[in-house]
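*Asks:* Pasting in a structure now, in structure tokens, and then I'll have a few things to ask.
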């Protein structure tokens, strides 16, 4: 228009034609796919130690060290470490013998199999395992799962041989499943079992295990195979006429002794061996007492004969054909998953306290091979139980050699000492199991979940109630289901927040957190806290539109300057797909119809690449792409002033 005064516009990088945020160069699809797959399955770059070695010989040795972690510590093994591992191994063996017998009875398997499962698997793990602290053996939760999952197909009392063969087969499938996950680099799947889920699940399983021991404490001959609290209580109180006070008194005495020993060891950590040796002392004392008073004549049940000798081969006992194979396969997958969750969690916690790294995938392969070899040598499911591992650490173990020492001690027991356990009362085994399970209840962790994150507490409580009120499988399903649902909610409903400018600075922060943060007149700054893709694009479209409508209503009510620009802080948007780019395009079009400008701040390289390839970047214009939120707001305010000046002149 003739006569219009000239308005000076400050020169900016955008005005000069230079883009504020560069678009990264395009890369071949296969290159990008390979990089993404490597980041997914090989985030730790496991072969870097091999690649940096010079010469074939050195690389071969590095490969062997990676495949067999024992080769990392064996060459520099010292007499001092051997002394420590020797003490730790013997101490753990004193716990492994009574626990192994107890847990085998819990699994409705011959007691000798508990000792078998503490011999061969420990040797395999010593070679393949990456943890220095885990002591390998059977667990109460895994032992309880076997009669729960296999009992209907082959009742242990009616068909013990078929049941035992199914147990071997389930252990074999558990090992194949575990090793397969490790070989395929799927260790991250274990992370779907959150700490809250594990706390609730283990607490529920411990409750079920303790309730099942009422059979031994009360001297009952027949008991329910159901694991829910209602069925167990019904079985207990429907047989009050068969309760044996002798078993109850004897069991309570030994349980009290075990609890006192544990309490003393906790108060005096130097005497950790008191708690570790207490189960073996109980086993010996109970056997002597029953032998002297002829306890079998008073209704006190005993173990009976235990066969001498180390593990017999059982490869021919595996059932790999219909109709029983599918039951064993299902049991193997479930028990294998539980074993991995417990073993990896325990190993990782001790590794963190000692400041070294445990590779999830290596541990999966180690547990898998342990169970595959174990299933062929008369063992059932083994992992790294917390109780044995804690004793191993407290006893001062230095390397996995402590597992070898424990295995040798168990082998000596198998070869020479098994006749001594003939008169061991079953009620003592029940007391040992209950004592061990009481340490599994992690009440401080549950209280911490309630204080810190109520949703995590709901995950924990759901897992616990599922196990206690129904069965272990349901509890595990609830735990995993709630955890996955939480992930989906975070992904599908990402948080969007309004940002404001901090006084006397160029910093922008969340207005719902910082009361001093001030909104910018005519500019709405929104932060998106997640990648934008098909699962949340529709939600973000609605949520951002609602932010804009609410801001326009607020401006109308307060008669402030009209909304001129919407700035999206993309700093937390790590990725975007075609649904996300369509969202940005639709948002830009709808805002243009209202004469409102859209600006993007701090978009990442992947976001810029996708927006550029989809032509969305061109429709927004490089002029409105900024490195910082402050730059976007300043430029928007400048353009608002220019527009107002030109409007007033016209």
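In case you wondered, yes, glycine gets a Cβ from its N, Cα and C as well.
Quick paste from TrEMBL:
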- 162-184: transmembrane segment (TRANSMEM)
- 196-214: transmembrane segment (TRANSMEM)
- 243-264: transmembrane segment (TRANSMEM)
- 271-293: transmembrane segment (TRANSMEM)
- 322-344: transmembrane segment (TRANSMEM)
- 364-383: transmembrane segment (TRANSMEM)
- 403-421: transmembrane segment (TRANSMEM)
- 428-452: transmembrane segment (TRANSMEM)
- 472-492: transmembrane segment (TRANSMEM)
- 513-636: domain 'STAS' (DOMAIN)
*Asks:* On the DSSP side of things, how many residues of the domain 'STAS' (513-636) fall into helix, strand and coil, could you say?
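*Replies:* Residue counts for the domain 'STAS' (513-636) by secondary structure: 63 helix, 22 strand, 39 coil.
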*Asks:* Might you confirm whether the transmembrane segment (428-452) is in contact with the transmembrane segment (271-293), defined here as three or more C-beta pairs under 8 A between residues 6 or more apart in sequence?
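*Replies:* These two stretches do touch.
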*Asks:* Under a criterion of three or more Cβ pairs within a distance under 8 Å and sequence separation of at least 6, are the transmembrane segment (196-214) and the transmembrane segment (403-421) in contact?
*Replies:* no
*Asks:* Is the transmembrane segment (428-452) in contact with the transmembrane segment (243-264), using three or more Cβ pairs under 8 angstroms as the rule and ignoring pairs under 6 apart in sequence?
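*Replies:* Checked: the transmembrane segment (243-264) vs the transmembrane segment (428-452), in contact.
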*Asks:* Under 8 Å between C-beta atoms and at least six residues away from its ends: which parts of the chain pack against the transmembrane segment (472-492)?
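*Replies:* Sequence-remote neighbours of the transmembrane segment (472-492) are 141, 144-145, 148-149, 192-194, 196-198, 200-201, 204-205, 208, 227, 334, 337-338, 455, 458-459, 462-466, 530, 535-536, 539.
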*Asks:* Who are the chain neighbours of the transmembrane segment (322-344) in space, where the CB to CB distance is under 8 Å and they lie at least 6 residues beyond its ends?
*Replies:* 134, 139, 141-142, 145-146, 149-150, 153-154, 162, 166, 169-178, 181, 187, 190, 193, 198, 202, 358, 360, 363-364, 367-368, 371, 381-386, 473, 476
